[in-house]
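These notes concern the structure reproduced below.
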Amino acid sequence: MGWGDMEPPNGSAASRSDTCFGVFNASDGRNTAQNSITSPWFSTAFGLIGLCSNLFALCVLLSSSRKLSSRARSSFLVFLCGLVVTDFMGLLVTASVIIPYHFIKFAWAEVDPGCHLCNFLGFSMVFFGQCPLLLGATMAGERFFGINHPFSRSTSISKRRAWSIVGLVWGFSCLLGLLPVLGLGRYTLQYPGSWCFLTLLPDTGNIVFCLLFALLGIFSVLLSFIFNTVSVVTLCRVYHDRESVQRRRDSEVEMMVQLVGIMIIATICWMPLLIFIVQTVLQQLPASGRIQMLPQETQKMLLIYIRMVTWNQILDPWVYILFRRAVLQRVYPSLRPRPSILSLYPVLNPSLRRKLTAD
């Protein structure tokens with residue numbers, strides 16, 4: 001996502017406001033784009049860094065998952081794998097469209113007069129953008145119940161069930177991304193003419209889709225914040241108890257550190273864009289039907305926020321790469337493996353303890 005720093009399409013195509021061309025002034029975008037970072041080598045290097053980061057994180061995750069016997073940790077790694085795969089595919093799909101454009105310099109309106117390529121790119125932006133937010137909320141919810149209600153479930157989430165949940169998140173995001181193709185809102189080529197995204201023009205379909213996308217993303221971030229805050233408070237309260245200070249489990253701390261890191265990155269990268277979408281759509285409601293082209297300042301701000309969002313896919317894998325116990329123990333050698341969180345609950349039926357330990 002977020003490769004928007006290329007030349008705009010033909011001016012004649014951009015004047016057609018009833019298609020995916022016409023949201024911005026193509027001639028103004030061409031003059032401004034010449035002064036921006038438009039080097040194909042810059043975008044290529046930027047994409048390769050993100051792809052290599054996610055590929056490296058995926059290899060580390062797969063290697064770690066083979067060595068684990070803890071079902072709780074294994075299910076968490078499944079969610080992490082789903083997140084890394086989503087970020088990797090998001091960069092790969094968008095780069096496969098945008099980087100060739102850098103080098104070929106094709107006329108977008110001539111190559112894609114039916115807006116099929118634009119719809120595909122817009123769908124990819126929405127799908128690969130919404131998935132990490134929903135997966136972050138799902139991971140936070142799983143850890144919330146795992147830490148605050150460790151004995152409420154007879155077994156932890158299995159790998160198969162965890163992958164099923166990841167699949168449901170992908171399916172829901174896919175349905176969301178298909179809404180403009182089905183008639184609710186539309187995808188349009190965005191300033192400076194290099195990428196497609198949802199349309200911020202004030203008509204009913206676009207307003208509903210923009211608010212649905214933005215509010216769902218904001219809800220996911222807020223839900224992650226609530227779940228993670230409660231989980232961290234619970235861990236701190238239990239771990240600092242005088243009777244159990246020596247009976248901690250590093251695994252829960254490691255998972256929460258990684259989850260909080262993912263949440264912080266998502267909040268910093270995504271919240272400005274989501275709030276900007278809601279603010280822009282609501283401010284334009286009084287002029288519904290009269291605005292046919294986005295103001296140039298709005299176009300520029302949207303581009304800046306999309307570039308911020310791109311960093312989410314690059315930084316996510318490094319949260320897991322850098323915040324693993326194997327890495328932290330080298331920096332802080334006093335970190336050593338400790339007993340399970342079951343030891344935090346001294347009064348426990350022996351048969352239940354044996355069953356939970358086996359799980």
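The backbone N, Cα and C atoms fix where each Cβ goes, glycine too.
Predicted automatically and left uncurated, TrEMBL annotations should be read as such.
Predicted, not measured: the structure shown is a model, and the values here were computed from it.
Taken from TrEMBL, the feature domain 'G-protein coupled receptors family 1 profile' covers 53-320.
If you look up TrEMBL, you'll see 41-64 (among others) marked as transmembrane segment.
Residues annotated as transmembrane segment in TrEMBL: 76-101 (among others).
As annotated by TrEMBL, transmembrane segment applies to 121-141 (among others). Using a Cβ-Cβ cut-off under 8 Å and counting only residues 6 or more beyond its ends in the same chain, the transmembrane segment (121-141) has close neighbours at 1, 20, 76, 79-80, 82-83, 86-87, 89-90, 93-94, 97, 165-166, 169-170, 172-174, 176-178, 180-181, 187-188, 195-198, 213, 216-217, 220-221, 223-224, 227-228, 231, 259, 262-263, 266, 270, 309, 312-313, 316.
Marked as transmembrane segment by TrEMBL: 162-185 (among others).
Counting same-chain residues at least six beyond the ends of the transmembrane segment (205-238), those with a Cβ under 8 angstroms from any Cβ of the stretch are 126, 129-130, 133-134, 136-137, 139-141, 143-144, 147-148, 176, 179-180, 183-186, 198-199, 244, 252-253, 256, 259-260, 263, 266-267, 270-271, 274-275, 277-278, 281, 285, 288, 344. The transmembrane segment annotation in TrEMBL covers 205-238 (among others).
According to TrEMBL, the feature transmembrane segment maps to 259-282 (among others).
Annotated transmembrane segment per TrEMBL: 302-323 (among others), in sequence order.
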Remote residues contacting the transmembrane segment (259-282) - C-beta distance under 8 A, at least 6 residues beyond either end:
83, 129, 132-133, 136, 139-140, 143, 198, 200, 202, 206-207, 210-211, 213-215, 217-218, 221, 224-225, 228, 231-232, 298, 301-302, 305-306, 308-309, 311-312, 315-316, 319, 323
